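Reviewing the structure listed below.
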Number of protein chains: 2
Amino acid sequence: MLGDLELEVRHDTEASEMRIIGIDPGLRRCGWGVIEVEGSRLSFVECGTIRPPTEGELAERLAVLHRELDAVLGRMRPLEAAVEETFVNKGPRSALTLGQARGVVLLTPAIRGLPVAEYAANLVKKSVVGTGHAAKDQIGLMVKTLLPGSKAGDADAADALAVAICHAHHRVAAARVKALA
Amino acid sequence: MLGDLELEVRHDTEASEMRIIGIDPGLRRCGWGVIEVEGSRLSFVECGTIRPPTEGELAERLAVLHRELDAVLGRMRPLEAAVEETFVNKGPRSALTLGQARGVVLLTPAIRGLPVAEYAANLVKKSVVGTGHAAKDQIGLMVKTLLPGSKAGDADAADALAVAICHAHHRVAAARVKALA
């Protein structure tokens, strides 16, 4: 059952505890969510949304995004990061803008030496809701179900927690493959 | 004459010496060029091209770009940075990729507290060649003329020097406007 997250996992292939940060990149709103993984159990730690200033020099806005995300990493001490690979369908100009924020979001944990995984938005939805075409509010509801006590105040933080959950599932699978090899 | 860069400049509106880095962003090849501005005279300092690994995790490739660019900033100590605002016409996916590199290139000097100006590619060409539709090799030739002793080994470094020259012209104009106000 997805609700209990009782995946068939060999506990010995897992580190005893793993803290993951999921990030939903954006220049105006960048969601982040931290969870803890112990064997097949996931638990909510904290989440939030970074809102860089919407005016001023682009470089300075990116610097605020970097500083605030780096402060979260320093406070939360995750061991791995996962970032949503957003599908872009709004033309090259908005893809460029999103790309700039994504570059900073991928770089910031990498500077701290964290491995940074990327997951397509469809895979994230599938991991959390069971289908690749879920509505925003469905994701929020499932995140609350999968992570009791989750306090995602907005869709960005909920999306970030969904990316973290997706990574938790997939790194377990990767560990199993490794164990079999 | 553009060749002598004898613009009508009031020298008293200028700091005695200003070091500028121009950057032509890219994930595979990122050109940089440092010039010095003294009144209306420009001189070549150094240039190069950063080539992050083309394989491996995207976050790690961006981290290499950041580290190498940051090392250049630490060694060259420019006071201002200028980045080319590339026109994207290759569809959203390549715009996203370029955006990621641009985000890192804008962020890296901003972290060090440098002001980062952006200039459209057409304006850069116009500043250096006199028209917004110059060919790559024309830019290289004009950069060599404007900066005697320039050792731009490739088009990326030459483009970066062109961005630095463009910024040198425009910050002078901005200083004049300020002085008049």
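Glycine residues also receive a Cβ, built from the backbone N, Cα and C atoms like all the rest.
According to TrEMBL, the protein has these features:
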{"type": "ACT_SITE", "residues": "A:Asp24", "note": "active site"}
{"type": "BINDING", "residues": "A:Asp24, A:Asp156", "note": "Mg(2+) 1 binding site"}
{"type": "ACT_SITE", "residues": "A:Glu84", "note": "active site"}
{"type": "BINDING", "residues": "A:Glu84", "note": "Mg(2+) 2 binding site"}
{"type": "ACT_SITE", "residues": "A:Asp156", "note": "active site"}
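Counting every protein chain shown, the number of other Cβ atoms lying within 10 Å of the Cβ of A:Asp24 (active site) is 25. For A:Asp156 (Mg(2+) 1 binding site), the same-chain residues lying six or more positions away in sequence with a CB closer than 8 A to its CB are A:Asp24, A:Gly26, A:Arg29, A:Cys30, A:Gly31, A:Thr49. Sequence-distant neighbours of A:Glu84 (active site): residues of the same chain at least 6 apart with a C-beta under 8 Å from its C-beta are A:Gly22, A:Ile23, A:Asp24, A:Pro25, A:Glu118, A:Tyr119, A:Ala121, A:Val124, A:Asp159, A:Ala160, A:Val163.
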